[in-house]
């Protein structure tokens, strides 16, 4: 009676001593990697030798960011052209939605003029009707105004340059700057 019980108790203990599952336990770093001194980038030596140059570069970047922020806060001056473009895009989307694909095709055939929308095919009973063109001012249409704001915010997030702004002139580089592109300064 004791022998089967001892086997049942020994089996889980032996299973615990087996190779640990890599998914359950993280791999520990070797001591040789843990005890290495920290890797210090090469540009820190320049910062240690001339802290004023680093401060000037940081001030220049701060001034450039403030100039870009001011440009981003300007009111919209081209709302009419944005509304016209939105209406043209809606018409093109409606025409594309109404276009039937040829048998076996997965994408519509390319047009010769990228700006001109393709001619809509004869409407079928199961095809959705094209969206009506918006003729109102985008500022009066809250949905269009919200889309314009969302697109501008996304464009600003994706780009270093704000939409519709001219780039601010770069400040002069401090003495000893080795990489004007990284420091965002004018070497001349």
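In case you wondered, yes, glycine gets a Cβ from its N, Cα and C as well.
Just so you know, TrEMBL annotations are computer predictions that nobody has curated.
Positions annotated as compositional bias 'Low complexity' by TrEMBL: 45-58 (among others). Packing against the compositional bias 'Low complexity' (45-58) from elsewhere in the chain are residues 173-178, 183-185: each is 6 or more residues past its ends and has a CB under 8 Å from a CB in it.
Per TrEMBL, the feature compositional bias 'Basic and acidic residues' maps to 59-76 (among others).
The compositional bias 'Low complexity' feature in TrEMBL is assigned to 77-86 (among others).
Annotation comment: TrEMBL describes 105-143 (among others) as compositional bias 'Low complexity'.
Annotation source TrEMBL lists compositional bias 'Basic and acidic residues' at 144-157 (among others).
For the compositional bias 'Pro residues' (168-177), the list of distant contacts is 46, 50, 52-53, 56-57, 60, 63-64, 67-68, 71, 183-188: same-chain residues at least six beyond its ends, Cβ to Cβ under 8 Å. Positions annotated as compositional bias 'Pro residues' by TrEMBL: 168-177.
Taken from TrEMBL, the feature region 'Disordered' covers 39-188.
What TrEMBL records for 1-22 is signal peptide.
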